[in-house]
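Trainee: My structure is below; once you've seen it, I'll send some questions.
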Amino acid sequence: MDQLVVSDLVVEFARAGHRVPVVRGVSFTLERGRRVAVVGESGSGKSVTALAVTRLLPPTASIRSGSISLDGSDLLGLPERSMEDIRGGRVAMVFQDALTALDPLFTIEQQIQAVLDRHAPRASRQARHDECLELMRAVGISDPERRLRAYPHELSGGMRQRALIATALAGDPEVLIADEPTTALDVTVQAQIVDLLRRLSDERGMAVILITHDLGVVADFADRVVVMYAGRIVEDAPADELFESPAHPYSAALLDSLPSLDGPRMRRLPSIGGAPPDPAALPAGCSFAPRCARATGECDSEPVLVTIGARRVACHHAGTA
Amino acid sequence: MSSIESAGLSAGRVPATLAPIEIARRFSHRRIALVSAALLVLIVVLAFSSDLWLTRDYADQDPLVRNQPPLGDAGLLGTDQLGRDLLARLMFGIRLSVAAAAFGVLVQLAVGVPLGLLAGYRGGWIDSVAMRSVDVMLAVPGLLIALLIGMNIKEQVASGSGAVADVLRSIDRLTAGLTPVFVVLVVFFWVSMARIVRGETRVVMARDFVRAARGLGAGPFRIVVHHVLRNCIAPITVSVALLIPVTMLTEAAMSLVGVGVDPPRPSLGVMIYEGAQQINSFPYQTLVPSITFAAVVLLVGFVGDGLRAALDPTTEQGR
Amino acid sequence: MDDALRIDDLVKEYPIGSGRRRSIVRAVDGVSLRVRRGETLALVGESGSGKTTTALCALALERPTSGEVWIDGREVTGMSPKELRSLRRQAQYIFQDPFASLNPRMSVREIVREPLDIHRVGDSAGRDARVAELLGLVGLAGDAAARSPHQFSGGQRQRIGIARALALSPGLLVCDEPVSALDVSVQAQVINLLMDLQDEHDLAYLFIAHDLAVVRQIAHRVAVMYLGRIVEEGAADEICAKPRHPYTVALMSAAPARPGRGVHRERIVLTGDPPSPIDPPSGCAFHTRCWKAADTCRTVRPPLIELDPGHAVACHFPVRRDTELG
């Protein structure tokens, strides 16, 4: 059953007196307890989409049109007060930089307690402390009694990211949005965090949206992968299908440009020419066409996202291979 | 905010810096700043060319036209209690203010900037000495010291003997009695600039492109001039603009209490003070210089604000 | 023939804190390596491994605490400033962050010309011609010269940095994570460019990275660093196919790579974070996270020993690929 439904979302930024569309008609659904990865490069609109869901967009951004609904209730129409109950409660977020996302002046326990106070205020002191310990254990922090009393700067990078996830879990969210949660971490620690998110999702039946630029991180994690480019979804497919046979040339190119550790070593890496476009100066027609090896005259018109089997693709050449 | 970064709306897309022509264009987009700059130029040109277009000298007394109101028969701005033309005095006063401001800027650029660069670049004991001196200068009561310095110099000029007094006397003749003001400017006006430039230098020195320049074999001179100084232009410009009104105020305040310009020469400060003696009967005599002073300070402020915005690449179009 | 770069027993210590709490951090702890002409040696490690410090010491941008650095057969440590200046013509640095490493107040022409100006190469017209040539070499259009760095994307800015580094025709380039700040789709372009340039100009690279998959593409040999020491070193193909140090195995396992291709790799997820160099573990520094750690590992530091020809490992219990992992 669809829990979160985003349809035709358009988000614009005010820039130099102009309105720059950063998200241009994005629709997707998230089923209860499933894991979706949203993959894209800088300027693809992936983070803005996530922020729009929690209505935490910066003041220069505005939602022009579209709707976002959680269990059938429209989030965009809610008064700010009710939105605050949803944020951190039913929908929680985890950010890239745990050092700035945690308040340096409070201990980890105080920060988790703050979320508990907001979303489950009636429990006793002891019960809430136990709850904190429970959360710390859930995110795999050893010696939780001591770590609860620590300030963010006293923890290592991986530990901080775990603590941040613990605060996100405190409201017992149904949906967790993780925005590049591993980017700032060392390679060997990245794998730990991805494993942790997957385990938490399984144990709690919690749906997760993982936002990342790194397809390699996604492989062991997501049920479905949404690939974004220049503010639009170009492909939305079950993870194994996408990795097996990407339908959009951009998804294929992204996969190809991942260096591989096994298989033959190539003298040249397959690469995509050019750079992602500036949202203020998008090419006409398909945004990817200027960098696409398969672009033809047809690509002067913008392709629509069409459903082919279990996936959706926005490419004139999809299915014609 | 990292998520906005990935929306492509910051970092690479917002220009990290601006070319001079771009700065001029952005500045010209700010109408208030542009008009202010034009007015300032006009005022300065008028003041320095006043001998050409005024019929009376600032010191000419005429007992027949004492205390005449503005817009009357006795000149555009009227006359004071000695029958001196207020317009001529105002123009001369503006010249002194401009001279003080120019000298203040000179001190900032010639003393403050090099000292800040040196302290920031070399670090170590030079930095410690320079910055402790800055702390001391910021801790002393400026106005009091300024008055003490002023009184001391005035006394030396008037009745001192010896080489120092002789030098001071000759300087005083050249500067129309502004020697104490200039000395105070030298003593105090390098301080904030040195601190600003020192801080900025430390920041720039830590950036990769300075390391890159060192890796290319660049020597200290090239690093300081091509890399550090070029990246300090914006804060230096802004600091200069912000301190101009303060230098003018310093001159006005010192002249007002008698340790500035010598009578009968007028400065804006002197005019405000003299006019204030008759504020009940002839308010225009203090209002005219007061309004002029306030207007000039305001105009400089607008220009400085415009420059700040034009030099700051993070404001859109310098608005 | 002389090596492009040789480092012998390099140690770099930094003081931290002040007064009574003052202590010493050993960021690099006895690193020796050599890069032959036209060869790429990749230095791989996570944060705190000392790989960037090693690179900075190699180009005399940091002063080593002890040890020797030789570039093109000349000893760098103890060079006079004048000798160092001439050394800069032989060895150049490419930075990780393409935004911080270009002076925002300079035009691209000034940036790429700067090394030529510093070393007074040719006349002004000749320098401008060289700038145009260099920009062409790294795949930028000729009109790029008149523009400011901020008008370019990250990948293009990294090309500008490469053009600047090539201006003096050095024999050695030290590349400090040159692609990790770039968009995924642009990383491959820059790696290909670096490989092409190596072929054309017989360049030697000391290539700093944290990503073994990237390293495998570009490097001939790999040295893996952990907490200031080299724990494994050997030919790139050899290390990627048969890693012997448990840390290398874990790094390989964690590297994001295209799934669904080739053999399924055993996933090893390490526990904990890399330890801090301020308070390094005793014995083998990796024992706190190693699944094979025994008592010996906690007390005795394993030396770097050549197990196979050209393949050295610092581990008491090196992994035997054939029996232990698929």
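From the backbone N, Cα and C atoms, a Cβ is placed for every residue, glycine too.
This is the feature table in TrEMBL:
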TRANSMEM  B:32-54  transmembrane segment
DOMAIN    B:94-304  domain 'ABC transmembrane type-1'
TRANSMEM  B:96-121  transmembrane segment
TRANSMEM  B:133-153  transmembrane segment
TRANSMEM  B:173-197  transmembrane segment
TRANSMEM  B:232-261  transmembrane segment
TRANSMEM  B:281-303  transmembrane segment
Trainee: Which residues of the chain, 6 or more past the ends of the transmembrane segment (B:32-54), have a CB below 8 A from one of its CBs?
Mentor: 85, 87-88, 91-92, 94-95, 98, 296, 298-300, 302-303, 305-307, 309-310
Trainee: Decide whether the stretches the transmembrane segment (B:133-153) and the transmembrane segment (B:96-121) have at least 3 CB pairs under 8 angstroms, with pairs required to be 6 or more apart in sequence.
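Mentor: The transmembrane segment (B:96-121) and the transmembrane segment (B:133-153): touching, no.
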Trainee: For the transmembrane segment (B:96-121), what are the same-chain contacts with Cβ under 8 Å, counting residues 6+ beyond its ends?
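Mentor: Answer is 44, 47-48, 127, 130-131, 175-176, 178, 181-182, 185-186, 189-202, 205, 220, 223-224, 228-229, 232, 236, 239-240, 243-244, 246-248, 250-252, 255, 261, 265, 267-268, 293, 296.
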Trainee: Report, as numbers and ranges, every residue of the chain located at least six residues beyond the transmembrane segment (B:173-197) whose Cβ falls under 8 Å of a Cβ in that stretch; write 'none' if there are none.
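Mentor: That would be 96, 99-100, 103-104, 107-109, 111-113, 115-117, 119-120, 130-131, 134, 137-138, 142, 145-146, 149-150, 153-154, 157, 232, 235-236, 239-240, 243, 247, 250-251, 254-255, 259-262, 265.
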Trainee: Go through the chain and flag residues at least 6 beyond the ends of the transmembrane segment (B:281-303) whose CB is under 8 A from any CB in it; none is fine as an answer.
Mentor: 32-33, 36-37, 39-40, 43, 67, 69-70, 77-78, 80-81, 86, 90, 93-94, 97, 241, 244-245, 248-249, 252, 268, 271-272, 274-275
